């Protein structure tokens, strides 16, 4: 296959050759998908239906759950199809669509994590200005900006990647379509450098957001340690630690995957790291955010116990903007 225009399909990574292991992977991915759908679905329903959660903090958490669901639904179903039907193929168009949609959700999630850090910073370090800095209009604008950033980054990367001539075969060392593995198949030096430049540009934006997150948490912890009461410090830490855990898990694996030196790259390591940020992180996020959050647990408990139908008929369950 000399170029991308003549390529009809890609071959995704086969996690196992034995049929028994393929079926095991199918059931494992199915269980993970159902857990992610249940956890994120509960958060979406609880935040939408409980007026006590109609605040900026939970407004952004709702959008984060949407990105987590998007990441899972973009990558896992095709992998499950391949496991079940003992195949490795994905069409060229399907691969391009998967890359485009996945980048939107992945980049939007990173932006939302940065915005959620800003929310915690304002709540703890500038509580008197919280209502002004994070009013309903400001929250809506920030959420829209996060999704727009994901769309624009996807619009830059996808055409640049899929217009490259590919002459190194069509086998990808990944269970879903991902740009670094597609670039390995390219034989165009100039096109490769162009896409590499876009990746560096995106990485610089992400590093800038990472620096902002680190700076914000330094200020947050300094402010928390000045709180005189132990109960106040505990409450402040309990609102920040889940977000810090999610950010650490997501960013460490994502940065390692995209910015690690080629000398330490291996198919097994790449697979494990990509599973962490594309599958494990979106599945664990609902658990991490609800584990120490009594408000969210109460809302979920009320939802599960049969109050959902009553809440959906009340005015407070209407779609909202945070206040």
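Cβ atoms are placed via backbone N, Cα and C, with glycine included.
Look at TrEMBL and you will find 26-47, 59-79, 99-118, 138-156, 198-218, 239-259, 271-291 tagged as transmembrane segment. Under the heading domain 'G-protein coupled receptors family 1 profile', TrEMBL lists 39-289.
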The transmembrane segment (99-118) and the transmembrane segment (239-259) contact flag, 3+ Cβ pairs under 8 angstroms: yes
The transmembrane segment (239-259) touching the transmembrane segment (26-47) per 3+ Cβ pairs under 8 Å rule: no
Candidate ranges 59-79, 138-156, 239-259 - greatest C-beta contact count to the transmembrane segment (271-291) (under 8 angstroms): 239-259
The transmembrane segment (59-79) touching the transmembrane segment (138-156) per 3+ Cβ pairs under 8 Å rule: yes
Predicted model, mean pLDDT over the domain 'G-protein coupled receptors family 1 profile' (39-289): 86
